[in-house]
Every structure is written in structure tokens, then in C-alpha cells.
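Structure record follows, encoded as C-alpha cells.
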Amino acid sequence: FARVWIPDPEEVWKSAELLKDYKPGDKVLLLHLEEGKDLEYRLDPKTKELPHLRNPDILVGENDLTALSYLHEPAVLHNLRVRFIDSKLIYTYCGIVLVAINPYEQLPIYGEDIINAYSGQNMGDMDPHIFAVAEEAYKQMARDERNQSIIVSGESGAGKTVSAKYAMRYFATVSGSASEANVEEKVLASNPIMESIGNAKTTRNDNSSRFGKYIEIGFDKRYRIIGANMRTYLLEKSRVVFQAEEERNYHIFYQLCASAKLPEFKMLRLGNADDFNYTQQGGSPVIEGVDDAKEMAHTRQACTLLGISESHQMGIFRILAGILHLGNVGFTSRDADSCTIPPKHEPLCIFCDLMGVDYEEMCHWLCHRKLATATETYIKPISKLQATNARDALAKHIYAKLFNWIVDNVNQALHSAVKQHSFIGVLDIYGFETFEINSFEQFCINYANEKLQQQFNMHVFKLEQEEYMKEQIPWTLIDFYDNQPCINLIESKLGILDLLDEECKMPKGTDDTWAQKLYNTHLNKCTLFEKPRLSNKAFIIQHFADKVEYQCEGFLEKNKDTVFEEQIKVLKLSKFKMLPELFQDDEKAISPTSATSSGRTPLTRTPAKPTKGRPGQMAKEHKKTVGHQFRNSLHLLMETLNATTPHYVRCIKPNDFKFPFTFDEKRAVQQLRACGVLETIRISAAGFPSRWTYQEFFSRYRVLMKQKDVLSDRKQTCKNVLEKLILDKDKYQFGKTKIFFRAGQVAYLEKLRADKLRAACIRIQKTIRGWLLRKKYLRMRKAAITVQRYVRGYQARCYAKFLRRTKAATIIQKYWRMFVVCRRYKIRRAATIVLQSYLRGFLARNRYRKILREHKAVIIQKRVRGWLARTHYKRSMHAIIYLQCCFRRMMAKRELKKLKIEARSVERYKKLHIGMENKIMQLQRKVDEQNKDYKCLVEKLTNLEGIYNSETEKLRSDLERLQLSEEEAKVATGRVLSLQEEIAKLRKDLEQTRSEKKCIEERADQYKQETEQLVSNLKEENTLLKQEKEALNHRIVEQAKEMTETMEKKLVEETKQLELDLNDERLRYQNLLNEFSRLEERYDDLKEEMTLMVHVPKPGHKRTDSTHSSNESEYTFSSEIAEMEDIPSRTEEPSEKKVPLDMSLFLKLQKRVTELEQEKQVMQDELDRKEEQVLRSKAKEEERPQIRGAELEYESLKRQELESENKKLKNELNELRKALSEKSAPEVTAPGAPAYRVLMEQLTSVSEELDVRKEEVLILRSQLVSQKEAIQPKDDKNTMTDSTILLEDVQKMKDKGEIAQAYIGLKETNRSSALDYHELNEDGELWLVYEGLKQANRLLESQLQSQKRSHENEAEALRGEIQSLKEENNRQQQLLAQNLQLPPEARIEASLQHEITRLTNENLDLMEQLEKQDKTVRKLKKQLKVFAKKIGELEVGQMENISPGQIIDEPIRPVNIPRKEKDFQGMLEYKKEDEQKLVKNLILELKPRGVAVNLIPGLPAYILFMCVRHADYLNDDQKVRSLLTSTINSIKKVLKKRGDDFETVSFWLSNTCRFLHCLKQYSGEEGFMKHNTSRQNEHCLTNFDLAEYRQVLSDLAIQIYQQLVRVLENILQPMIVSGMLEHETIQGVSGVKPTGLRKRTSSIADEGTYTLDSILRQLNSFHSVMCQHGMDPELIKQVVKQMFYIVGAITLNNLLLRKDMCSWSKGMQIRYNVSQLEEWLRDKNLMNSGAKETLEPLIQAAQLLQVKKKTDDDAEAICSMCNALTTAQIVKVLNLYTPVNEFEERVSVSFIRTIQMRLRDRKDSPQLLMDAKHIFPVTFPFNPSSLALETIQIPASLGLGFISRV
């Protein structure tokens, strides 16, 4: 049934549901209330109006109230309540009005990120916000070039002032200022000043504005703030002198009292606020949570910012303090008509002192007044009451004048000299007010609101008319409330204000007479004017919002605003200069009632008011009444507003108790009626409030169409469908681009759509339920069959098991029986075999013994028989041999006789004599050998005798020892006897001991048993302990694992934290670079502007600003490459050419300056010490005059030597010059030439002569020293020792150039001393030499001191090394002691570990030393090359010194030179003057697209580096510096000129990185040479270290990267929201909900054309361009990561600010879009780039839109899932979640609170939006190139023909 709204006295409107359908004629409706009660609702019999229908739930909570199908008061109230209470949304659109409800709580929705999010957005695209209204005004001002106004109205406490402040802050942030004066800060600074003097605490608001103000913020042609102007309306002056209960005076008074103790405020003599009458009446001097002293500081700071000087500030405070003291002035009545002030009244004295007025004058005119008639003037005393009123009137008048003065000064400070192009006005004015007692202030306020409401109605009506005409639909006049009659009643002729002014002019006019005139004029003549029944002093006006009853009392007094002229005159005569300024423009303060007909007329008839006079004296000029002034200013305001495009903000106060997020329906409805929101609704409802585009209608209601109804023309399709759905054609109209519906038709269409979807759902449910039941049946059937199968199978298996068991039992029985029989058989068989074996063994052993016995007998026989045979044989042989011997002896004797006979013959002798000589010699030799043998034998014999003697001695000693032992044995025999006796005793003791032993053994057995028992118990305990130990070990292991895991986690966390810190530092540094580049660009722009403004450039000549270099920072270059067309003029005028400042030189000089400053300090200290030494030496020299004589003798000898050497060198130099002048051949200076040989000979002779002279000098020096030693006393040894030490320094100074340099320098410094020595020779050279030697001695002495210090340092280092060795030794001893305590295995392991550690440390030290030595070697090699280069240059210079004539005279013989194949070294040579051309062709005029397509990537970088290599090869530091400086500045220039072109920025980022990598790869550092080839290592830089330039290039690359990111962001940003959020990638998933008026705003442009494919195509374009340019893969990954972060951040930020996007279907769309982005990453192999992780917050937000959001488990799942979202973001998404269809459910408030409770401990950022401007810190990993430099070819298209390959 239908749901309706019925009136309710408490809740205003209450929801109910029909229980029965209504039929025409029914008088009662049966309703069911939401709280569960049934109700009979009676219809009004007169009107018979039915209750208002409720909107569908899907429309509840809409951003725009005009999107509601049923537009009426309860629908508006309910929608606002749902948004405010449930969704915590305080802003809602109502057509062109922004409704803002005061939350009474600080909300995080006004930060810089929110401003950036709303900047540039269309008003209907984002959630309602004050920033959206401000952006719309700013955009329309820029687009339509029409001034704008933002009208902020509402009750006191509704938040008008805060809304106006936020609007101004938005303009200040978005537009910025056009000058350097920070005008936007001044505009914002005006707020605290105006709040302090114009705001006060009321019962409804702690910071209520008691005046209206209209601020015009001025803009220039570029729409930047240039100034502002403020107009104020109707200041509540009565608050200065009177405050109601629980209210306060203006804030400034309490701020002054709170700051009274400040030194500068002592003169004001202030105290507590309770001490003053004007600040203590309300009884509430303190506002909770507000520190008045701090607010005072803010007010003063704002005054200073606005240019109000300290003197003027103190003047303001003096006047305010004077007003407070004036309020304490008391009066004493003398009688009924007069009063006095006590003498020397302290408050009045203070007031007069502060104001600088005369005390007596002021005292007199406070108690008297001057009355003037036609003939005379006289002074009349006044009563105490009149005096009090006059005092209060004076205080109000002074405060009002001061208020206007401050406003004028603020306007002067905000005024701009630049011409204002347009402005946006912000009107902060009071809303409609109605109280129990309404007076003149409420009348003026409601009058102003009537005028504003009329303007509002006309504007709304105009917009409706424009919309109808634009869409070309029939225009019907809409009837709306016109409040012109009410305005006429107030301001027309004889209107209320006119009659009031007329009555004020009447001498005897009173409030009563004015009331009677009102009754007579308007009562019963005007329907809007009524008279109360019970009062004759009041009247009622029917305003647009409500009827208001005004009390006439006080109207005349407040309208006249009278103050006595005499009091003003006293103030004008003040010595305080500022006070008269307040009254300069004041008109004469003569009241129209200040004259009477008679001096005796009583002045106390109306005690509270001034007396009345007669109307006869009207010739004088009268002051304008307050009503007249207000009417004029209001007319001026309306003219201003009518000339602008208005934007409306209606502030609503939700409750009177300032409770946060508490909604009082009664108060809200009252304010909605008063502010015109319901009138807007009524006007909209009268026409066609619901408006849809054809595409939106088709997308939403496609489900109501059939396939045949869908045509290609969407417009015709919608027309055909609507004609079928809605039969009454008056309910809709077809416009040009939209369909217009009457109220309620969208709800009807939504019902049809819901019914169609419900029917479709029922059909789907029916089909699915049938399918599910069929599936369930099939599952059950399949399960039953399966169960049967398994049961039958189980039974079959059981039977088969039984059969198997039976068969198995039979088999087991068979085998068991067989086993038993077999076992028995085997036992018997085994027993038999054993018996047989034993028997057979016995027989075999007997047989064996017999055989063995026989065998042994045979052996014995064999042996005996053999012995007998051998004995017989031996006897036989002995006999035979004896016989042979006898026979042979006989034969020998015969032969002997024969030989003797032959020997006696001569011949025999001769024969024998022949070999005798030889035999004699042999014999002689034998004799000699025998002699030698004899000698050897004698020696052996001698040795043997010695041995024998030693043995004999040894035997003798042994004999003596034996004799001693024999004696000892005799003694021992006696001892044996005694020992035997002792043995007997011991035996007895033994027996006794045995008996004791038995006892002990018995005890021991008993103890043993006890011990065993104890041991068993201990074993049990030990077992338990072991178990506990194992358990503890297990726990220890587990704890160790846990600790290890914990430490690993901590390590990972610390590593992550360090990485984050590193990234933060890197980000901070890169942000500084970004800021610096921005400031640099700003500086360049300002410089260009100044150049254009100040200097008019002459044709053909330009000058750069000479101050430019002073504004550059450490890492930039001041000089820029001039434009190419300036080159000719520069070449013509080289004097004005600006030399580029090289940064590396600048850094080196800066470093050198620091070193020189340190050296200067060291030299200063050294100088101080030298001065002390000089003073001491002077004292010593006076005591030792003889030493000085010896020194003079030595130095005279030295001078003679030097003089002779000098003459000799001069002669040799002359000979050399002659030799050079005589020769004219070109080979003069070539090696081997005569001049060259002469030069070398001279050089050799000079060096030899120098050595000789040095030796002679040393000899002379030593002789002099020896003579001095002989002369000097012994106590002067120190001086001589110093002299000998100086000799070593002389020997070390082998470089004669160094000595000569010292000599020349010292000659100049010592020319003026010791004038009496000048005439030693003619030219004074000896004196100079003498002085030079003295200084050389001092120099040597200083070197000696430095050497001594170095020795002391070395000794100290050695001592430290000794100490470290001692410590190492102690540590080794400790380790050794520890190792000795360990077991052997552990000892070995420990020693090995220690040895490994020691060797590792030594290895590391040696590696460090090796690296240092390698670096030193490389450095020396570089220096050697530099020196060789310089020598070569010197030789070339000598060649160049030869005159051309000498070269021409020698004939040149032609020589055939064979052409050799050139081996390129990878260098490019260019001339110095071609550098500008190189930079121009290679950088400034290079087109990236052609280079990227046709040439190798990074070609410009390679070319530049090869040029740098050649300059390095030439050792030309100026060329290197100039080229690098020009390159960097040219790249900056190109990026500044074409910085918005992605290709250009990408191209130069790639080339800058490649140039940086080349400088690293070929720097010669080991870390960068690992991947080089040997050929590439040969190409390393040899002379220069360009590490500083690498840093500069790295910074430049960072700046280019940041510029690339900005270009990416500018290109992608328009696509992201449309492609990621708005476009339906999956068609038909999300239906468009009804939208309100804001979707029709003229700000909408054609931005809906972007889709996800557009984003992917753009990403492909970016990626392909970067790849073509050869960008490093790691850098491409970082760029892609940044792109994806931008996409994710902007999408999520828009999702968080758009309620219409937070739905389930949109979550599906987002996840699909994200999956497409991930697929793109996979295609490009970029999944490891970290880009996917940047989308994690967006993915989790999409998941959050799709998950269940009901139970606690769902809350837990959400908390664990959304770890990348902050708590604020999660809660915001849940609050914004909006069902698109009726089948979805909203998120309950309790569920959101559950989420908040679960996430309260999470520590994350309170910021709602992601920082879309965040740029990740970029790194440039080293990426060496494998390309060989010598293979690079330079294409002709680059125009670099002037450079050549080397």
C-alpha cells in the first residue's frame, strides 16, 4: 500500500502506511504508523486534501531536493534529516540553493585537499559543499565575465559567518594573488578583526554577527585576487550598553580585559570584565573553549597584517577602554530634574585622560544640555535617568564611529591600485527573525529579508523561464508568491518607514501616536497589516515566512539615534588626535527634538526618551534617520546584487541547544519556511520539476521497453515508450535535450520499473528455486544409489571375507599340523646326527692319534739314520784330505829346492831386476800406506786408551758405589730384623683390622642397600628432571624460534621503516628541488616582466640582467644560453658577453675558500706562537751578542757563494740566448738540434753545479758550526742543535725553484728593514740575499717545527698502536685461557673460529689498504698524464715561438704519406666557437619525434659525452665546464619552452639519464666499471673527476621527472573520473538515478566522452613514447607507478566526495576497470613495478561497496580487508553508500558505529582524501650501455657537420 505523511504536533510530520485503498468520497483513512499503531485519519471536509505521498526509499537522501519525485515540505524535511543524522552530511542542494545545517562540531571537510578536489569540478558532479558553490561562482565569473554574488543568510547561530569565511578561503586558495603582497591573506585577516568588533555571544550563538556585511573580492584579468571592499549594515549598537542574561558584549571588550596585564595596556587601567558595567550585565563573561587573550593576539596580528600601525592599534584600544570606563560613570540625583557627578570621579577621570578631553567640560555636559529657541539659547540640567541615557547614547555613538573607522581602514588596506576586472561578492546577512518581543532591529532585518526573498523569487522564476525556453517547450506562467505588497507596505509613500520618519520629525511625536497613524493608514486597507486584539502599541505584518508582531515601544528612539551635540563638540576638541578623526564626516548632531517652545517645558514626561519639541523650528539641517539610511543602503545592495549572478546559501540551525548532529524538526521547518527553500520547492513543483536527458531516461528505464521498441534514435524511443506508459500527455513534455515531468511522475515510473524488476526477480527466483530443487532431488537420488551401492558392496565384502577366513583357517590348520610333524622329525633327526657325529669323532680321533704316533717314529728313525751316515762321511773325508796335504807338502818341498837353485844363477837375477824398480815404488807406496795406517792405528789406540781409562774410572766409581751399597746392605740387614718384628706386630693389627673390616663390611652392605635405594630414588627424580629438562629445552627451542621470528619481523619492520625514512628523505629533497625549480621559474618570469616593464629592448641587441647570478642556488647555473639570433651581436661586442659561471668551479672555489679560512686560522695561531717566540728570542739575543757575529760571518760566506753562482747563471743564460739567436732553421728546438743540445748541456751543468754548491755550502756550514761550538759556551747547545737540524731541511729542499720562489717573495717583504746594511754592494743584492737567507732560516725553522709536530704525531700513533697491540695481546690471552677451559673439540673449533675472524679482519684491512693504494696509483697516473701534457704544451709553445721567416727559408721536400685506416677512439672534436651551434642543433632545435623514430635511443647524450671525452682528453677544463654548463642550461630552456609536451619532457629525461649513466660508466671508478668491456674501460675519463656534475645532472633529472609527472597528470586528470567512475564499462549493471537541477548547470562541458579505453590508449601512448626514447626500464616502472597512483588517488577522492557513485553496481564497475588496468600491466610486463599496490585503496573501496554490511562478522571482515583505507575513508564510504535499486539496503547507523569502535585503536591519518599531488621519490639506478662509442655514427640530419670523429 501507499505510504503517506500526516501532520504531527511534536514531529511536525509523521510517516504512515495505508491499510486500505482510498476511494473517492471516503472521509477517513485507515493508517498504520511506523511505531506500530493503527490510526483513523480524518480528511478535512472543506478542502478534502489527501495526505502527502512519500517518495520511494531509493530517492531518500538525495544530494538535490529537486530530484525528489514528490516535492513538498515533509519530503524536504525528511531528506534533510536523513542526510544530517544518518549520513552526517551537512550540505544539500535545493535547486540553486545550498542548504547548510550547522553541525556544532568541527568536521574535516575544509582542508587544502578538499579545496583541491573541488577546484575545477562541475557543481553537480560532486557532493554538495560550500566549496562547490564558490567554485561555481568563480567559474561563471571567468567564463561569462560577469560579476557574481554569494548570498549567505540564516538565523543567528546557523553558521553564516563560518560559511562566508570558508567561501573566501576557497577564493584565496584557488586564485592566489596578483601581487607579492599576499592580498588573499589580508582578505582572510579581515575576518578576526571584524569578528572581534562586530560579533558577540548570544543565547543562540557564541559568535553571533551583530551586523550584516557584504565583501566584494576583486579580481584582475587573470582572475587573481587583487583586493577587496567591505560594506556593513545595521550594527547592533544597543549591545554596547545593554546585554541580556547569558549574553556578552562585543568580543573586543573581553579581549582587552583578558590582556589588561600586558605592559603596553597598563595605561588603559583595565581590570576584570566583571568590574565594568558594560561587560558584566549578561553574567557570562567567559565562553567555554575560547581564550580571549589568545584571540586578542590574533586580532592584533591581523591588524598588523592589514597595515594598521601600532599607534593606531593603541588608539583603538584607548577608545574602547574609554567606553568601558564611561559605562562606570555614575550620577547622583539632586532633585527630580537634575543630577551631578561626584567630584574627581575616578571612572570619568580615566575616561577623560584616555580621550584627551577636559574633565570639567565632560562632567558638565553629561549632566546638562543646551536648548535653543528662536531668540535665545540656555542650558538646562537633566535628570539622572536622562543623563544615564545620554551617557549610553554617547558610548554607542563613539563605538559606531570607531566601527566605521576600522571598516574604512580595512577597506583601505584591501584596496588595490590595479584596475579591478571583476568581483565576487559575499553577503553575510541576518536571516528572518521572530521572537516573543520584536522591535526596530527585527523590523529592519525582516524588511531586508523581504527584499532578498523578492530578488530570490525573481531569480528562480527567471531560471525556470530560461530553462523552458532553452528546451523549446510551451511556456506556462508559473504562479508564485510575490512579496511586493509587503515591501510596498514598508517602504512606499505613507508606508511604515515613511510614517516613522515623519513621526520622528514631529516635536511631540511618540510611539503611541505613530501606532495610531499606522492603524489609521493601513488597518483594513492592506491585508498584510493587522492589529493585535489586546494591544494598542503593536502591529502585525504578514511576511513571506510568517506573521510577526512588532512592539512599537522604542521605534522612534532607535530610529532617531540621538546624541547631544555638546558632548560631540567636547570630543572633537580632544588632544588625542585619533578621536577627532572619527567625527570628521559627522553631520550636525542636532536632534529634531532638541528645541522646545519654552524653557519651562518639562523634559521628563517620557523618562526613557529625549524630550519633544514643537515642529516650528525645521530650518536647520537634520540628521538622517536610521531607517532612512538602512533603506538607502539596502537599495544600493539590491542594485549590486541585481547586477551580478547570485548564488544562495541558506544556513539552518538544527537545534537551540548547540548539540552536535541533533535535529529539531520544529525549528528546522520554521527556518526552511523563512529562508525561502520551501518556496523554491513550490515554484519547482508548479512546473516540471523532474528533468531527464534522453540518454539518462533510456539507461534507467530500459527495462520497461521491449526489444522491438528500442530504436537507433534514443529520442524517438523515449517518446514511444512514454506514450505507452503515461497516457496523460500533460504530465510530461519533450524538450530539445531533456524530458520534463510533472511532480509524481518519476515516482510512478519508478514504481513501474520496480514492479517490472520485481516480476523479473520473481521469475528468476522461480526458475532458480526449481533448478535448486531439481539439483537437490538429483543429489538425493544419486546419494541414495550411492548408499545402496556401498551397502551391497559392504555385504558382498563381508561374505567374501568370511569365505576367505574359512579357507585361511583350513590352510593354517594344514600348515600347523605339518609344522608340528616336521618339527618333531627334525628334533629326532638332529639327535641322531649328534650321536653319530660324537661317535665318529671319537673313532676318527683314535685313528688320528695312531697315525700321528707312527709318523713321529718314522721321523725319529730318519733323523738318527741321517746322523749316522753324516758321521761316517765326515771321517772318510778328513782322512782323504790329510793324505792330500801330505802329498802336496812333499811336492812343494821339491819345487822349493829347484827354485833356490835357479835363483842363484845371474840370468835369473837380471830377469828379476827388470821389474824391481816398479816393485820398489809399489813397496814404497805400500810403506807410505802402512805408515798412514799406522798413524790411524796409533790414533785409534790413543782413543782406545782414553776410552779404556774412562772405562777404568767408571769401573772404579762403580766399585766404590758397590762398596757403599754393601755397607748400606749391612745396615739394611739390621733394619730387616726390626722390620720383621714390626711385621709381626702388623699381623696382629691385621687380624684386628680384619675383624673390624667384617663389621665395616656389614655396615657397608647395609649402607649399600640404603644407597641403592637412594640411587633408585635419585634415578627416578633424575628421570623426572630429564623430562622437565626436555620440556624446558623444548620450550626454549620454541621460545628461540619465536624470538627468532620476532627478531626477523622486527628486522623486516625496521628495514621497511628505514626504507620509508629513506623515501621520506628522498621525497623531501626532491620536493625541495621542485620548490626550487618553481621559484627559479617564478624568478625568471618576474625578471622578464621587469625587463619588459623597465627596459625597452633595442633592435639587434639584448642584455641579460647582471643580478641574475646572485639569485641562483648551489645546484643551478646563473648563465643561460642566449637566443640564437643574439649570437651575431655578441660576437660583434665581445666586451658585453656574459661569461658563464661554471658550477663545479664555483663549488671548488667555495670548498677552497673554506680550506683557506681554516688555513688562515691555523696561520693566525702559528703567527701568535711565532710572535711569542720572537719576543723570547729577542731577550735571548740581547744576552748572546757573540752568536749573532758568528751568524753574520756564515751568512757573508753564503752571500759570496750565491753571488758567484748568480753571475755564472747569468753568463750561461746569455750564451743560451746567443745560441738561439744565431740559428734560424725550423729544427732549432727539435731534439738533437744545437740549441736543444746547448740547453740540455746547460741544464745538466747547472744541476751539477747546484749539487756541488750545495755540498760546499753544507761543508762550510758544518765548519762554521764546529767553530761556533768551540766559541759558544755549553749552555748554548740548543741553538746549535737547531742549526744542525736545519741542515736536514736544507738538504730536503732540492727544488731550487722553491728556494727561488721563497727568496723572491721574502725579498719583497723585507726591503724596508735594516737600512744600515744597504750599502754592502752597489745594487744591494747582498743585502737582499742576506735578508732572504734570514727569512729562509725562519722558514726552515717553521718546517722544523712542523716536522717535529709530525714526529710527535707519529710517535703518538705508534703509542696508540702499541696500546692496541697490548689490548690485542690481553684479549688473546683471555681467549687462550677460555679455550683451555673448553674440551678439546670445542677448543679446536674456538681456535679455528678465532683464527678465521682474525684472518678475515686482516684481509679486510689489506683490501682497504689495497683500494687506497689503487686510488693513489690512479691519482698519480692522472697527475703524471697532466704533467706530461703540460710538458708537451711547453714544447709546442717553444715551436710556436719560431718566427715564420725562419720556417719559410727552409725548402720543404714533398713526401708521400701512405693513408692508414683510422682507428676511432669514441671522441668528437669541435671548436670552441662552435659550442653555441652544437647546443642549438643538438638541444634547442632538436625535434624528439624524428630522433626517437629514426636514430638510436639516447643519441644526443652519447654525442655530448663524446664531446666531453675529447675535452677531457685535451685536458681543457674550461671547455668541459663550458660545455656541461651550456648543456644543462639549454635543457632547462627547452623544458621551459615546451614543458607541457610529453614527448619533449620524456625525450630529455631519457637523454639526461643516459648522459648521467655515461658519466658514471666512464668515470674510472671501480663500482661503475664492472660491466664494461676492455675497450670501454680504455674510454674512461683520464683528467677530470665530474662527480659534482653528476650530482647536478641527477638534480636536473629529478626536476625533469617531476615535470613529466605534472604533464602526465594534466593529460590524465580529465579522463580519470569519466573513464573510471562515470562511464559504464559493463553496460546495464548500474542504472542512473533521478537527478536534480544541479545536473543541468551551465558549467557542464562535454567531458563525458572519455572512457576506460581512452585511459588505456593514453597509457599505451605514454609507454610507447618512453620506450622509443630509450628510457631506462626501472625509470619506466617508476613513471607507471606514479601514473597508477594518480589514477587511483583521483578516482578514490571523487568516490569519497560523490554520494551517487557509492553503490554496489559502481563497485563492480570499478573492480572491472581496475582489472583492465592490471591486464595492461601484465601485457607490458610491469607487474613488479609496484603500480598495482598503488591501486589497493581503490580496490578495497570497491570491495567495501560490494561486501555485506549487516552483522558483526561483516564488520570484522571489513576491518581486516580494508587495511589500506583510513578509518575516516571507511566511515565516509559507508555513510555515502546509496542503493541504486530497491533491492539493496542502506547501511545502518549501528553498523557504522560498530566499525568505528573496532577501528578506534588503528593509528592512521585523519585526512579524508588522498594526496593526488604526491610524487614518489625517484631513483636513477645505474644502467650501463653496451654500445661502443667508436661505432656511433652522426647522421647528417642533425646538422653537426662541424664536429669530427676522433
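Using the three backbone atoms N, Cα and C, a Cβ is placed for every residue, glycine included.
Summarising the annotation, TrEMBL assigns ATP binding site to Gly154, Glu155, Ser156, Gly157, Ala158, Gly159, Lys160, Thr161.
Marked as coiled coil by TrEMBL: 906-1089 (among others).
TrEMBL lists 1146-1222 (among others) with the feature coiled coil.
What TrEMBL records for 1330-1430 (among others) is coiled coil. Restricting the average to the coiled coil (1330-1430) gives a pLDDT of 73.
Residues or ranges marked as compositional bias 'Polar residues' in TrEMBL: 591-604 (among others).
Among the features that TrEMBL reports, compositional bias 'Polar residues' is placed at 1107-1119 (among others).
Residues annotated as compositional bias 'Basic and acidic residues' in TrEMBL: 1127-1139.
The domain 'Myosin N-terminal SH3-like' annotation in TrEMBL covers 1-51.
Under the heading domain 'Myosin motor', TrEMBL lists 60-754.
Under the heading domain 'Dilute', TrEMBL lists 1525-1801.
According to TrEMBL, the region 'Disordered' annotation covers 589-622 (among others).
The region 'Actin-binding' annotation in TrEMBL covers 634-656. Among residues of the same chain six or more beyond the region 'Actin-binding' (634-656), those with a C-beta under 8 A of the stretch's C-beta atoms are 80, 84, 94, 96-104, 130, 133, 136-137, 140, 144, 146-160, 163, 167, 204, 214, 231, 233, 425, 427, 431, 447-448, 451-452, 455-456, 459, 662-664, 667-668, 671-672, 675-677.
Sequence annotations record features per position, and here TrEMBL assigns region 'Disordered' to 1098-1139 (among others).
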Fewest other Cβ within 10 angstroms of its own Cβ, chosen from the binding-site residues Gly154, Gly157, Gly159: Gly157
Shell list (ATP; ref centroid = CB of Gly154, Glu155, Ser156, Gly157, Ala158, Gly159, Lys160, Thr161; cutoff 8 A): Asn102, Asn205, Ser208, Ser209, Gly431, Cys651, Lys653
Number of helical, extended and coil residues in the domain 'Myosin N-terminal SH3-like' (1-51), per DSSP: 0 helix, 24 strand, 27 coil
Candidates Ser156, Thr161: member of the binding-site residues with the richest Cβ shell (10 Å): Thr161
Three-state composition of the region 'Actin-binding' (634-656), taking helix and strand from DSSP: 9 helix, 8 strand, 6 coil
Chain-internal residues near Ala158 (ATP binding site), provided their CB is under 8 angstroms and they sit 6+ positions away: Ala100, Asn102, Gly431, Cys651, Ile652, Lys653, Gln671
C-beta crowding around Lys160 (ATP binding site), within 10 angstroms: 27
